[in-house]
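S.K.: Residues or ranges marked as domain 'Mechanosensitive ion channel MscS' in TrEMBL: 100-150. Per TrEMBL, transmembrane segment is recorded for 47-64, 70-91.
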Amino acid sequence: WGDGGADDVGVEEDTFVQRVLETKCETQELVSSICEYNTIFALFRKVIEVTYVVCLLVLVLALFCPDVLAALWWTISPVIVALSFVFGPLLKDICESLAVILFVRPFDVGDRVVIAQERMLVVELNMLTTTFLNGYNELVWLRNSQLFADRSGIRNLSRSENAECAVEIDLLAEDSTTPNIRALEKAVRQYCQAHPQQWVGDQCGDATAIAGSQCDGLVSMDEPGPAVVRW
């Protein structure tokens, strides 16, 4: 790689290191996501295997020992009814959780999300719960079936595009001449170069005139609020 000189046509060292680190982070997130989904599918596979064995036993008893099956059914039917009341909510919770993590898929491991107005990082994904890391470096466990309980839902910042803050200027038809547009563009560029920190950041602000006359349309972005100015 090169050192960024004028005659250097190679890859700069900083760029190379940055690309390697980005590749490493993406690989770690991919491996973590695959491991989490393997865990979920392993649990789901065990449930299917148990269900298959139970159905096979019932079929064998129905074919070869119908009397035993009938007696067994009358014996365990009250127990099944009682267990249905006990484990009914759990089965419902499992079905809702599987629908969320397998079909809706609002996030993956490593995504940054906003749930109930709190920004968190997805750390671990399980069949019933998801583990998050909040801004205080605390682990938070939430039930998958209750993730959409809040009206605001889930905002996935990792999958969202970058937000842009712009200034809108409306010109009269007679003022929309090429010299005026070029002069306005030049003034905007000069102001932005002179105040870079007011245009790069997390907040947008109110449109505040910075020049003397009423027709000046350049704005500063100091206070939170709408960022639109009309000419």
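Cβ atoms are placed via backbone N, Cα and C, with glycine included.
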S.K.: Taking every residue in the domain 'Mechanosensitive ion channel MscS' (100-150), what is their average pLDDT?
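M.R.: Averaged over the domain 'Mechanosensitive ion channel MscS' (100-150), per-residue pLDDT gives 84.
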S.K.: Per DSSP, what is the residue tally for the domain 'Mechanosensitive ion channel MscS' (100-150) in helix, strand and coil?
M.R.: 8 helix, 23 strand, 20 coil
